[in-house]
Amino acid sequence: MENKMNYKIAQILRGFINTEEMVEVLSKYYTLGYIEAINSQNSHIDRILRSADINKELENTFNQLSNEYKDLEGVFEHLNGDSKVPREVKYEVLSIIKESNLNKDKWKLIIDQLIENKNESSGKISGESITPKCLNELGIGILEPRQGSFYDGTCGIGETLTEANNYAKRNGNYLELYGQEINLKNWAMCKIRLFVNGIYNKNIKVGNTLTKPLFTEGNELKMFDNVMMNFPFGLTWRDEKEYVEKDPYNRFIFGKPPVSNAEWLFISHMIKSLNKNGKGIAITSSGTLFRGSEETIRKNILSLDCIEAVIALPGIMTMTSIPINMMVINMDKDTELKNKILFINAEDMYEIKGRNQKVLTQQHVERIIDIYKNRKEIEDISSIVNIRDIEGSNLLANKNVLKTKMISNEFGEIKFKKEKLVELNQSKTLGEIGKFFRGINVVPSNIEEDEQGEYKIINLSDLRDSEIDTESLQRYTIKNNARIESYSVKKGDILISSRGSNIKVCIVPEHEDKILISQNVIGFRLKENNNPQYIKTFLESPLGEFLINYKQAGTNVFSLNSKDLMQIPVILLPEEEQVNIIENYQMEYRKITNEIQQLNAKLKKAKLNLYEDMGLTSTFEII
């Protein structure tokens with residue numbers, strides 16, 4: 001019923017307004033239907049339909065409702081998408097609403113369905129992202145806000161506030177709801193949605209949460225029992241910089257992120273908005289949890305010991321397919337998790353719905369909540385980690401939950417033994433057995449191709465089949481050759497690709513030219529007592545691939561740096577054994593390769609005999 005009516009009216013409005021404006025207009029007009037359902041004595045729609053000037057009567061009616069219902073004050077003036085709709089079309093839409101004769105519960109469902117359909121189709125209203133229903137169910141299920149106060153500082157159209165209210169209501173209680181929203185249209189639709197849901201214990205304000213938080217007590221921020229915020233990813237705060245620097249509430253004491261991304265500002269605001277027993281949830285992008293530029297902020301917040309859990313989720317947002325994360329803040333952590341964090345990697349928990357949209361099913365939501373509530377540690381899924389063991393303040397779940405399975409291009413699916421991986425912590429690292437060096441930045445202003453140039457440069461494309469053809473390398477002239485020796489390679493140096501879909505590892509052969517590496521290649525020079533070919537083979541092994549991929553957790557594009565590689569442990573043998581093992585393998589490799597060549601020659605001869613028997617060889621000649 002709900003979907004049919006929404007679809008029917010959408011077909012009528014199509015061509016006059018876009019789909020985003022459609023949600024705005026229908027939220028406004030459906031409010032008329034809801035009000036008639038709760039107060040049948042005043043038929044506003046009848047009066048509008050009988051009017052000689054439908055536009056004027058609509059304006060008068062919405063002004064009247066703004067005065068009659070405090071919750072709707074100032075709302076309708078910001079929802080003006082219907083100004084582009086012809087009078088006769090408005091008449092048709094209002095007639096359908098009038099004839100539907102729905103009760104108040106049906107109107108609530110129809111508006112909820114309208115928003116849900118919009119989320120599935122584009123994931124945004126008024127240009128802003130909508131929080132998926134499954135994400136709200138998970139967040140509220142973790143917070144369990146049965147009573148007290150609940151705050152959302154980026155409340156959008158009120159999906160999270162509505163879910164929180166419904167949770168408390170199901171448990172026989174009610175919440176005091178507080179929301180702030182910067183977008184006027186979203187603020188207006190939030191007010192309508194809460195009104196239609198019969199939620200009256202709320203306070204929704206419009207404004208910029210970063211520059212002017214509107215819920216205060218005296219000269220301090222108001223503090224809440226529960227907070228949940230799904231703030232914009234990658235939002236620049238350049239325009240808010242002056243306010244943030246002079247924030248009177250001292251919210252950003254943990255540090256300030258680069259102006260290109262405000263996520264940690266919102267998280268800091270959320271932490272400062274929680275009371276001493278408060279609990280909150282922040283939805284974040286993955287980069288926020290591991291970027292080096294924000295490491296100090298993470299370190300400072302970790303020292304407060306308020307992060308209780310981090311949950312990695314699949315890309316369930318409609319506007320972006322990137323994986324997202326749920327950070328659980330608890331200002332009064334249980335003894336069991338003091339100075340510890342529960343990490344849950346739920347990136348593989350999803351179902352495909354509609355047009356390749358990932359969603360969490362009810363079973364997924366319940367499973368994640370069960371792991372969280374019962375502090376379960378499940379292989380490849382969840383782990384409790386001591387804060388002091390969190391490397392580089394990296395809060396990615398897939399960095400702190402050790403996955404023991406990997407797909408190898410050469411060997412297929414591989415499962416590593418967790419106890420053996422743990423033992424690697426006692427091994428020497430690459431940083432201990434050698435020295436890494438970076439490549440020269442190849443830019444036209446300083447470096448140009450020159451057949452008579454003094455230097456050759458190894459670029460990423462030159463790392464092919466584990467070998468480097470030094471004779472075919474391009475020559476260059478370098479205008480400013482300061483520090484040029486730091487980019488130079490020697491025989492036996494190991495070169496590792498820093499970018500690309502697959503890691504490439506090569507050894508520099510004997511050469512006479514002056515050869516440098518470019519910025520996309522990482523150089524590694526071994527100290528004594530280790531064989532380059534042995535280390536290269538280790539890095540190319542399934543274990544080496546696993547350890548390198550583990551360092552790449554959380555990134556969408558393969559990108560290595562020296563800092564990552566320095567920390568990789570290596571299983572070492574005495575150098576003499578290293579040399580013997582490699583020589584024995586190379587002998588076996590040459591032998592098998594020769595046998596394969598002979599077998600291929602036999603196979604080719606057998607095929608030619610076949611073609612001769614078929615009478616085909618007279619038609620062609622192999623040249």
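Indices start at 1 and increase along the chain as displayed.
Even glycines carry a Cβ here, placed using N, Cα and C.
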From 358-385, 498-525, 526-553, 582-609, the residue range that TrEMBL assigns the feature coiled coil: 582-609
Long-range environment of the coiled coil (582-609) - Cβ separation under 8 angstroms, sequence gap at least 6: 531, 533-534, 537, 617
Overall pLDDT for the domain 'DNA methylase adenine-specific' (112-395), taken as the rounded mean: 93
